[in-house]
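A.B. asks: Below are the features listed in TrEMBL for this protein:
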{"type": "TRANSMEM", "residues": "40-58", "note": "transmembrane segment"}
{"type": "DOMAIN", "residues": "40-488", "note": "domain 'Major facilitator superfamily (MFS) profile'"}
{"type": "TRANSMEM", "residues": "78-99", "note": "transmembrane segment"}
{"type": "TRANSMEM", "residues": "106-124", "note": "transmembrane segment"}
{"type": "TRANSMEM", "residues": "130-154", "note": "transmembrane segment"}
{"type": "TRANSMEM", "residues": "166-187", "note": "transmembrane segment"}
{"type": "TRANSMEM", "residues": "199-222", "note": "transmembrane segment"}
{"type": "TRANSMEM", "residues": "272-292", "note": "transmembrane segment"}
{"type": "TRANSMEM", "residues": "312-331", "note": "transmembrane segment"}
{"type": "TRANSMEM", "residues": "338-360", "note": "transmembrane segment"}
{"type": "TRANSMEM", "residues": "372-393", "note": "transmembrane segment"}
{"type": "TRANSMEM", "residues": "405-427", "note": "transmembrane segment"}
{"type": "TRANSMEM", "residues": "439-462", "note": "transmembrane segment"}
């Protein structure tokens with residue numbers, strides 16, 4: 001009897017000790033995550049707001065006198081969009097690879113300073129050619145920001161902690177989009193101050209603010225986890241231990257240079273190609289919304305100022321759904337249903353916009369205003385749900401820093417091909433008839449996006465089955481592969 005009670009008490013002590021230890025570890029991890037969030041997210045969030053404003057401002061100032069002052073005609077505006085998009089796409093990967101070589105704070109501050117100067121230049125140029133040069137430089141420098149920020153954040157958080165934070169980071173594009181319209185509305189009132197037109201002040205003030213933030217970023221953006229300095233030794237140990245369990249810690253292989261053959265192999269892997277197709281289809285919605293939404297709203301009967309203001313609720317609705325579904329995806333630990341739902345919403349938006357074309361009076365550009373405004377909401381809501389979850393979903397199914405840095409850059413850079421497509425299918429001469437070619441293209445690529453994410457899901461499910469079989473058979477499920485499973 002004594003032995004029984006002694007054993008029972010011992011087991012209770014062990015169980016209580018174990019429970020106490022788990023609670024303590026959970027508390028330490030929660031405190032660590034708060035500290036990481038505080039040091040990592042705010043500055044990167046602000047940087048993304050700035051890059052989105054500096055990217056979207058050309059769409060806002062288009063209807064504020066820029067076309068007339070720079071003697072732009074026909075498809076000149078579309079060409080300005082293309083000149084930005086080409087270097088943005090081509091330099092995403094090289095710029096992201098530079099992050100492996102240089103301290104993130106130094107590199108991100110450098111590229112921010114560069115596009116800040118170029119944005120300022122767009123405000124003082126006196127010719128269309130000068131605008132093209134400035135937009136080209138903005139594209140060159142902005143290319144590395146989003147994949148660099150995505151990769152840097154990904155290195156600090158486990159699989160089912162990262163999505164909600166990336167979705168939060170992603171909402172900075174909505175704040176930037178909404179604030180861009182509001183900022184333009186305010187800054188154009190500086191018309192003729194210092195001899196500059198109001199639209200020029202939009203570029204000048206935004207460029208100056210970017211330069212100021214770049215200087216701040218040099219000191220405050222965090223390094224990679226192994227070089228972190230804002231954590232105590234025990235916190236750093238806990239961080240690296242947590243990341244090791246999620247295949248996120250740097251290996252000796254990760255620290256070797258990437259060869260061209262490795263880059264090509266990663267870029268052409270089905271785990272990159274399929275989500276890239278979906279990202280491309282999705283990005284046409286956001287690039288069209290960013291570049292042409294003010295024009296569409298103006299053609300719905302709003303004044304220029306009112307059109308700027310009416311972009312705000314569109315972006316705010318996207319922000320809400322982006323956060324909602326990002327948190328839900330982490331909590332439920334699934335990705336595919338949310339991505340599929342977002343792509344379906346976008347497709348409905350494109351379909352509604354295309355259906356409106358036959359109801360538009362081509363002499364005035366008016367017709368079906370409520371339906372067309374609703375279509376814009378659906379486009380941005382669907383995009384806001386789909387793209388951030390899709391990027392994290394694809395990245396979490398890649399192993400090692402090399403795959404992730406190339407993968408994120410390829411997905412984000414390749415998706416920007418949507419900018420080129422939208423710049424060529426939203427034709428100036430179709431402005432008054434609802435951009436029929438652009439909307440029809442949106443419907444087509446929307447269907448492509450739904451198909452791509454579904455095939456991607458099927459491939460991940462099939463690969464997981466193979467990984468489980470090899471490990472159960474004692475086969476080649478070793479190294480990075482052992483314990484690794486794709487996220488659905």
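Counting begins at 1 with the first residue displayed.
The backbone N, Cα and C atoms fix where each Cβ goes, glycine too.
TrEMBL labels come from automatic prediction, so no person has curated them.
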A.B. asks: State, in range form, which of 78-99, 130-154, 372-393 has the highest count of Cβ pairs under 8 Å to the transmembrane segment (338-360).
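C.D. replies: Between the stretches 78-99, 130-154, 372-393, 372-393 has the largest tally.
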A.B. asks: Residues sitting near the transmembrane segment (312-331): Cβ under 8 Å, six or more positions beyond its termini, same chain?
C.D. replies: 160-164, 166-168, 170-171, 174-175, 177-178, 181-182, 289, 293, 338, 341-342, 376-377, 380-381, 383-385, 388-389
A.B. asks: Near the transmembrane segment (272-292), which residues from the same chain, at least 6 beyond its ends, have a CB less than 8 A from one of its CBs?
C.D. replies: 55-56, 58-59, 81, 85, 173, 177, 266, 314, 339, 342-343, 346, 349-350, 376, 379-380, 382-383, 386-387, 390-391, 393-394, 407, 410-412, 414-419, 421-423, 426, 435, 438, 441-442, 445-446, 448-449, 452-453, 455-456, 459
A.B. asks: Let me check one thing: do the transmembrane segment (199-222) and the transmembrane segment (372-393) come into contact, meaning three or more Cβ pairs under 8 Å with sequence separation of at least 6?
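C.D. replies: When sequence-distant Cβ pairs are counted, the transmembrane segment (372-393) does not touch the transmembrane segment (199-222), since fewer than 3 lie under 8 Å.
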A.B. asks: In terms of Cβ proximity under 8 Å, which residues at least six beyond the ends of the transmembrane segment (405-427) contact it?
C.D. replies: 75, 78-79, 81-82, 84-86, 88-93, 95-97, 99-100, 143, 146-147, 150-151, 154, 258, 262-263, 266-267, 271-272, 275-276, 279-288, 291-292, 387, 391, 394-395, 398, 435, 437-438, 441, 445
A.B. asks: Does the transmembrane segment (130-154) come near the transmembrane segment (78-99), with 3+ Cβ pairs under 8 Å (pairs 6 or more apart)?
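C.D. replies: Contact between the transmembrane segment (78-99) and the transmembrane segment (130-154): present, because at least 3 Cβ pairs are under 8 Å.
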A.B. asks: So, do the transmembrane segment (106-124) and the transmembrane segment (40-58) meet, by the test of 3 or more Cβ pairs under 8 Å (sequence gap 6 or more)?
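C.D. replies: With 3 or more qualifying Cβ pairs, these stretches touch.
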A.B. asks: Using a Cβ-Cβ cut-off of under 8 Å, list the residues of the same chain that are 6+ residues beyond the ends of the transmembrane segment (439-462) and lie near it.
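C.D. replies: Hits for the transmembrane segment (439-462): 270-271, 274-275, 277-278, 280-282, 284-285, 288, 336, 339-340, 343-344, 346-347, 349-351, 353-354, 357, 379, 386, 390, 394, 397, 418, 421, 425, 486-488.
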A.B. asks: Should anything in the same chain at least six residues away from the transmembrane segment (40-58) have a Cβ under 8 Å from its Cβ atoms, list it; otherwise answer none.
C.D. replies: 66, 77, 80-81, 84, 108, 112, 115-116, 119, 122, 135, 138, 142, 145-146, 149, 152-153, 156, 165, 168-170, 172-173, 175-177, 179-180, 183-184, 202-203, 206-207, 209-210, 213, 216-217, 220-222, 290-291
